[in-house]
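Report on the following structure.
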Amino acid sequence: MELSIIGSGYVGTTVAACFAKLGHSVTNIDIDEEVVERINSGDSPIHEPGLGDLVAEYGGNRLRATTDYSAIRDTDATFLALPTPSHEDGSIDTSIIKAGARSLGETLGTKDDYHLVIVKSTVVPGTTEDMLGSIIEETSGQTRGEQFDVAMNPEFLREGSAVEDFLNPDKIVFGTENKRANERLANIFEPLIIKSNPEVVETGIREAEMIKYANNAFLATKVSLVNELGNICKEYEVDAYEVTDAIGLDERIGERFLRSGVGWGGSCFPKDTAALVAAARDRGYEPSIVEAAIEVNNKQPKRLLNLLENHTDLPGKRIAVLGLAFKPGTDDVRNSRSIPIIEELQNIGAEVVAYDPVAVENMREHFPNIEYVDSVSLALKGADGALVVTDWDEFSVLNDEFEQMKNPIVVDGRRIVNNQDNITYEGLTW
Ligand SMILES: NC(=O)C1=CN([C@@H]2O[C@H](COP(=O)(O)OP(=O)(O)OC[C@H]3O[C@@H](n4cnc5c(N)ncnc54)[C@H](O)[C@@H]3O)[C@@H](O)[C@H]2O)C=CC1
Ligand SMILES: O=C(O)[C@H]1O[C@H](OP(=O)(O)OP(=O)(O)OC[C@H]2O[C@@H](n3ccc(=O)[nH]c3=O)[C@H](O)[C@@H]2O)[C@H](O)[C@@H](O)[C@@H]1O
């Protein structure tokens, strides 16, 4: 099939490259000319394991990119994979996706045959039909349910394993309002369904929108709960990881997403929990559990710093921050826990030296004036303390490198460094 995908970021590029691998012909539409050029020349615009190979293989042939929305006319369906960030008050900011829907509608007005518009972005219930559907009707002059349909197909991939997750999903959700839209979605996903046999959930559009928020709110709350339990464990000198390994054996709890530490960051858990809280309040409901999950999460970075302060005064000290990405496997630093940690270190008057294998360039935009180095060794050299913020594999094999520290205090926020004789080791929840 001929597909178009508006937005070529973490989701749009991954989905486009994977659909190309599955045999579809895909066009990414993005306003960023550099992104477009990179895709067409076979170079992935983002760092994701396996994505570089796919873009190298299909970029410029079955996978193309353009800034020109009229390319949509030659396709059977369009995914909207545009950002849905937060307003100051946490509520969803739909301005970007509305702009995308407007441009899409203007193009659809010049297309004769049926088109399916699929919202891939995370949006609160009602956005797809009431807001985006109406914009497309206005700008295209067409009628929803006649010349075009809207559908909602939430995405559950994780950064750092985006390609693997997209190609091997637990479930695919089709939120549609009629059989025709459902059938077109089924055709689009047929090669993936044949390949990996996921559960297919067929539901309404609003339910699909809410499934995405419920999924993320549940996972974020699960991590906050293990962080709270971990904080209590630490007070009693109990190893939280032994506790969660045991409770994870209960199938009702499950063994995944039980890693306590410095908390969740990234482009989605923080904004999606905030959007859910704002959406609930908008209807007069106070969502106290999700609010508490956010509060616990916001306190973890400070707890990490407090542990370091138990061993050394921070003003004027050289502190190594190991890991800047919000999780391993990605160069994404959006809402990374390293951001409040570096901010607080700066407020206290510590000197920060930071290392990350792939995320340094992105972090420079937040903190242009801290020192960045190219290796863990260089970060540790002469440092008065080290804070471990991202669980990159390379931190699990550190050993002699710590001997270069002036004062080898290591506070681990991710249970990744080995507690060994040559360091004073503190785990956040163990
Ligand atoms: N990042 C993730 O792991 C996941 C994200 N999501 C959701 O997917 C959506 C997209 O997120 P990301 O891919 O992370 O966003 P992103 O920020 O990585 O990429 C968005 C892209 O859209 C482009 N863009 C902005 N305005 C445009 C316009 N008017 N027309 C065409 N292109 C335009 C930007 O240049 C950028 O390349 C969000 O709603 C997010 O919540 C859902 C699941 C996973
Ligand atoms: O909507 C989204 O964007 C995505 O959000 C998350 O994916 P992602 O944020 O990419 O990465 P996760 O692996 O979920 O990690 C999120 C954060 O939680 C933290 N985390 C995760 C698991 C855990 O046990 N402990 C923990 O602290 C990670 O370090 C990271 O900071 C969800 O897992 C995806 O299903 C969803 O599609």
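Backbone N, Cα and C define each Cβ position, glycine as well.
Any TrEMBL annotation is an automated prediction that lacks curation.
The annotation NAD(+) binding site is assigned in TrEMBL to Asp30, Thr84, Thr122, Glu159, Lys271, Arg334. Residues or ranges marked as substrate binding site in TrEMBL: Phe156, Leu157, Arg158, Glu159, Lys212, Phe257, Leu258, Arg259, Ser260, Gly261, Gly265, Lys327. The annotation active site, nucleophile is assigned in TrEMBL to Cys268. Look at TrEMBL and you will find 320-419 tagged as domain 'UDP-glucose/GDP-mannose dehydrogenase C-terminal'.
Per-site Cβ counts within 10 Å over the binding-site residues Arg158, Lys212, Arg334 peak at Lys212. Taking every protein chain shown into account, Leu258, Cys268 are the recorded positions, and of these the Cβ with the most other Cβ atoms within 10 Å belongs to Cys268. According to DSSP, the domain 'UDP-glucose/GDP-mannose dehydrogenase C-terminal' (320-419) comprises 31 helix, 18 strand, 51 coil.
Close contacts with ligand 1, defined as a Cβ under 6 Å from any of its atoms, occur at Thr122, Glu159, Cys268 among the recorded positions Thr122, Glu159, Gly265, Cys268.
Candidate binding-site residues: Asp30, Thr84, Glu159, Arg334. Nearest to Lys212 (substrate binding site) by Cα distance: Thr84. For ligand 2, the recorded positions lying close by, meaning a CB under 6 A from one of its atoms, are Phe156, Glu159, Gly265, Cys268; the full candidate list was Phe156, Glu159, Lys212, Gly265, Cys268. There are 24 other Cβ atoms within 10 Å of the Cβ belonging to Thr122 (NAD(+) binding site).
Not a single one of the binding-site residues Phe156, Arg158, Leu258, Ser260 has a C-alpha within 10 angstroms of the C-alpha of Arg334 (NAD(+) binding site). Across the residues the record lists as binding NAD(+) (Asp30, Thr84, Thr122, Glu159, Lys271, Arg334), the two Cα atoms farthest apart are 22 Å from each other. The Cβ of Asp30 (NAD(+) binding site) lies under 8 Å from the Cβ of Ile6, Gly7, Ser8, Gly12, Val36, Ala65, Thr67, each on the same chain and at least six residues away in sequence.
Sequence-distant neighbours of Ser260 (substrate binding site) (same chain, 6+ apart, CB under 8 A from its CB) are Val223, Val226, Asn227, Leu229, Gly230, Ala240, Tyr241, Thr244, Arg415, Leu428, Thr429. Spanning the residues Phe156, Leu157, Arg158, Glu159, Lys212, Phe257, Leu258, Arg259, Ser260, Gly261, Gly265, Lys327 that the record associates with binding substrate, the maximal Cα-Cα distance equals 24 Å.
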